[in-house]
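Quick notes on the structure that follows.
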Amino acid sequence: MLMMLFFLTRIRPFQSLLQKQKHSAIELATVSVLFCAFAVFSTYTGLRVEGALINVRIIAIVAGGILFGPWVGIPAGIVSGLHRYLIDVDGYTSLPCLLSSVAAGLLATLIYYRVRRSRLWLYGILAGMACEGLTMLLILLLTQPHAVGIAIVDQIGVPMIVGTTCIGLIIRLVQDLNDEKALIAARQAKLAMDVANQTLPYFRQITRSAFESVCEIIRREIGADAVSITDTQDVLAYAGVGREEYALEGHHAIGQLTREAVESGQILLNNNLSSYSLSGFHSVIIIPLREQQEAVTGTLKIYYHRRYRISGALRELAVGLSQLMSTQMAVARTEQLREGARRAEFSALQSKINPHFLFNALNAISSLIRMDPDQARQLIASLADYLRYNLARGDRLIDLQEELMQVRNYIAIEQARFGHRLNVTFALDPVSISLPSLLLQPLVENAILHGIQPRSGPGQVTIEVRDEPTRVRIAVRDTGYGISQAVIAQVANGESSGDSIGLGNVQQRLLLLYGEGLHIRRLEPGTEVCFYLPKSGRSAC
């Protein structure tokens, strides 16, 4: 029996059955029939001694009951006990064997419910010995003449009681399968994380080539013969055996099995296909992909040539991978939508700044028309060049030197307005970096209008560019009365009032593009507004 059970545990379907924590009624019925057969078979393979049988029937009953509960232990005890009684109704040990077999099924059920898993093997041995001891006691009590009963017990008692130690071996054999399952689960969890880490970069752009790379990574890591990803209508990517069928550009409609998985939303697993596709696959699992637990958006399909290749553990791994893929695809689509919204908002903010600057520039020019028409004409020409240059750039990033040229054009207009009251100093490190257009000019405008203009005397504006190891610091300082804490709080909170429209727009654009906004502090005297441009990628702050 031990040999038969060992070989059964090497068969994948039976191995999967033993490794399950919960069983369906059909599965329990199958296991019950199996252990009943073991118990009955043990009777036929027993050795006859003085009209009795040395057999291992109790081992099958107790082991089945302890491992699978009352639906296996009790039927095995009743069926094998009745069988033993009916094949030799007048035998000396028939009735004792019937009673002890039923008792073994009941005792095994009690152990199944009451004993910790780690000690089942020990209690199994003790239960087997107790039941065989009960058999010997009943033989002594019920056998007539008593001398025959004593002779039977003397010859079969010790070997049958000692033989029940095999119960512990059977229980440990099955438990080792479960331990192996836990070990496999841990390995597959690590494998799933490895696959996730390898595929994550490809989900940043949802393209066919990216999906093909994902399929190839999954196929290689789990040892599949082929892997594919589909949407609800077509095959999006395929890797592995049969790839030439999908190599040509165009649409490749999904098959009937895949359509069933899409429509039902259920996992389809078949380990015994007659043949799936021209490549001769016999095992396939099709897992629906969902984004944010909504309707099915596609499937992940895994193929093997061998039959019964997809075990319960591999199924769980595949489901885990599909969930990771669904999450990553949802994140990628959300990021794409967020990026689109960010670009739209960025363009809207930039278009708000252009009229704001134009309004202030025209005010400066209008103040010169009566006092100095020639200078006003020069400023109008400069403004026209400035606007033409600005409109040509759109919302693209420009070089810092070009932005500084725009600032100088703006300052030329404002100096014509303020005269000797406005002094501007540039402190610039030689750097080459790109930034959005009209990012620096609003800060200079804010320094002049809210720092220098309220003063009756001259004021100083300093524009500073400092090259740091990982970023570039750009600052605008003025010597005005200083910004209020209320305005600083408004800008930080994304609120814009009449005095902080320019600062608010720059703050939002910086946050959208780099993730870090303005740094504003009040000086004695004046205000400093600065921001940082990372030298590579988005800001880490």
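Here the Cβ of each residue, glycine as well, is placed from N, Cα and C on the backbone.
Copied from TrEMBL, the annotated features are:
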| type | residues | note |
| --- | --- | --- |
| DOMAIN | 435-537 | domain 'Histidine kinase/HSP90-like ATPase' |
| TRANSMEM | 28-47 | transmembrane segment |
| TRANSMEM | 54-72 | transmembrane segment |
| TRANSMEM | 92-113 | transmembrane segment |
| TRANSMEM | 120-142 | transmembrane segment |
| TRANSMEM | 148-171 | transmembrane segment |
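On the 0 to 100 pLDDT scale, the domain 'Histidine kinase/HSP90-like ATPase' (435-537) averages 86 in the predicted structure.
Here the transmembrane segment (148-171) has long-range neighbours at 1-2, 5, 49-52, 54-56, 58-59, 62-63, 66-67, 92-93, 120-122, 124-125, 127-129, 131-133, 135-136, 139-142, meaning same-chain residues at least 6 beyond its ends whose C-beta is under 8 angstroms from one of its own. With DSSP classes pooled into helix, strand and coil, the tally for the domain 'Histidine kinase/HSP90-like ATPase' (435-537) is 34 helix, 31 strand, 38 coil. Here the transmembrane segment (120-142) has Cβ contacts under 8 Å with residues 52, 58-59, 61-63, 66-67, 92-93, 95-97, 99-100, 103-104, 107-108, 111, 149-150, 152-153, 156-157, 160-161, 163-165, 167-168, 170-172, 175 of the same chain, all six or more residues outside its ends. Only residues 6 or more beyond the boundaries of the transmembrane segment (54-72), in the same chain, are considered here, and those with a CB under 8 A from a CB of the stretch are 1, 23, 28-29, 31-32, 35, 38-40, 42-43, 45-47, 80, 84, 97, 100-101, 104-105, 107-109, 111-113, 120, 123-124, 127-128, 131-132, 135, 156, 159-160, 163-164, 166-167, 170-171, 174.
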